[in-house]
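Below: the structure, in structure tokens.
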Amino acid sequence: MKFMKYAVFFYTSVGIEPYTIDSRSKKASLWSHLLFWANVINLSVIVFGEILYLGVAYSDGKFIDAVTVLSYIGFVIVGMSKMFFIWWKKTDLSDLVKELEHIYPNGKAEEEMYRLDRYLRSCSRISITYALLYSVLIWTFNLFSIMQFLVYEKLLKIRVVGQTLPYLMYFPWNWHENWTYYVLLFCQNFAGHTSASGQISTDLLLCAVATQVVMHFDYLARVVEKQVLDRDWSENSRFLAKTVQYHQRILRLMDVLNDIFGIPLLLNFMVSTFVICFVGFQMTVGVPPDIMIKLFLFLFSSLSQVYLICHYGQLIADASSSLSISAYKQNWQNADIRYRRALVFFIARPQRTTYLKATIFMNITRATMTDLLQVSYKFFALLRTMYIK
């Protein structure tokens with residue numbers, strides 16, 4: 001499916017087959033399993049080392065280092081949770097994709113009726129931009145220590161950088177000036193790629209599915225509004241029955257979508273609240289300009305991720321509620337009285353807005369981002385107060 005290609009690319013890079021592909025060979029599946037568990041084990045070891053470092057930094061009174069490593073841990077938690085929930089919900093996701101393929105427009109005529117090209121261009125543009133942003137973020141972090149070494153020590157010769165690693169971790173041995181440095185550098189870069197790809201792939205998958213849901217809602221709204229009604233109750237009732245059935249299929253898609261993504265989205269919002277707070281705090285404690293650029297990129301990427309999810313949540317809410325307005329715009333005045341009475345019930349259902357949900361606790365719209373930023377700022381103010389004291 002064209003909408004899914006970018007998400008599948010990033011899932012493949014971490015060894016995940018997000019939904020069943022009948023044509024996939026057993027050899028490819030075996031390689032995917034090996035790659036997946038290599039990613040998981042490596043990432044788990046790295047985050048365990050970061051957690052140990054957090055304890056050491058806190059006990060030694062290194063407040064800034066503790067906050068820094070907390071932002072790294074939060075980033076990993078979001079990436080791992082998204083990967084594991086997609087891996088766990090593979091059967092449900094496969095059924096969802098099959099249903100999307102079943103109602104996908106076939107042929108040039110249907111594609112034009114659905115305005116497929118418009119939605120596909122929008123999804124592709126957002127997917128590419130978002131994937132590039134996160135890729136630049138993670139590789140800026142991964143290669144930052146190497147670039148510092150090459151620029152400051154080798155090129156400009158203004159200070160000695162030495163061997164440094166991208167992320168703060170606890171090590172029970174001295175890795176400086178020996179071969180283990182290169183192993184650790186590779187493992188940390190590998191872990192950074194895994195965590196970023198886990199987030200990119202799941203966010204792009206959500207983007208692809210949400211775009212198709214909006215496309216079907218919009219198509220149904222146009223069909224309902226443009227339907228020419230007359231006094232033929234038999235024909236009008238058949239049209240209304242088909243409309244209700246189509247609407248129910250879209251609502252079932254949303255139920256499955258919320259079931260698959262609900263918990264990962266809730267974790268995403270909870271952790272992102274603290275990550276935004278931690279990164280913002282680091283930017284206010286007098287870091288060098290090069291570190292400031294890195295932190296700004298981290299903050300901007302985290303905000304972009306939250307906005308992307310909230311944006312698609314808003315699109316789904318708007319598209320679902322607009323169906324009742326389209327039904328009211330019909331020329332129902334010309335229809336049989338029985339159709340008018342039935343139409344009242346149809347109009348009532350879309351007035352109960354369909355939301356993208358982070359479980360039962362949160363309906364996601366653009367207002368959700370405002371709420372998240374308010375909470376994040378409160379924690380930021382608390383953190384600043386603790387640091388000053």
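Positions of Cβ are set from backbone N, Cα and C atoms, glycine also.
Per Swiss-Prot, Asn258 and Leu383 occupy opposite sides of the membrane [differing topological domain names]. Checking Asn42, Asn178 against Swiss-Prot for the annotation N-linked glycosylation site singles out Asn178. The topological domain 'Cytoplasmic' (312-359): residue composition by secondary structure is 36 helix, 2 strand, 10 coil, according to DSSP. Residues within less than 8 Å, Cβ to Cβ, of Asn178 (N-linked glycosylation site) and separated from it by at least 6 positions along the same chain comprise none. By number of Cβ pairs under 8 Å, the transmembrane segment (291-311) is matched best by 260-280 from the list 67-87, 131-151, 260-280. Of the two recorded stretches, the transmembrane segment (260-280) does not lie close to the transmembrane segment (131-151), with fewer than three CB pairs under 8 Å once pairs fewer than 6 apart in sequence are set aside.
Across the topological domain 'Extracellular' (152-199), DSSP helix (H, G, I), strand (E, B) and coil residues number 24 helix, 0 strand, 24 coil. For the transmembrane segment (200-220), the list of distant contacts is 1, 3-4, 6-11, 13-14, 16, 18, 82-83, 85-86, 96, 100, 103-104, 113-116, 119, 122-123, 126-127, 130-131, 134-135, 243, 246-247, 250, 253-254, 257, 261, 264, 305, 308-309, 312-313, 315-316, 319-320, 322-323, 356: same-chain residues at least six beyond its ends, Cβ to Cβ under 8 Å.
Outside the transmembrane segment (131-151) by six or more residues, the chain places 6, 10, 161-167, 185, 188-189, 192-193, 195-196, 199-200, 204, 290, 294, 297-298, 300-301, 304-305 with a CB less than 8 A from a CB of the stretch.
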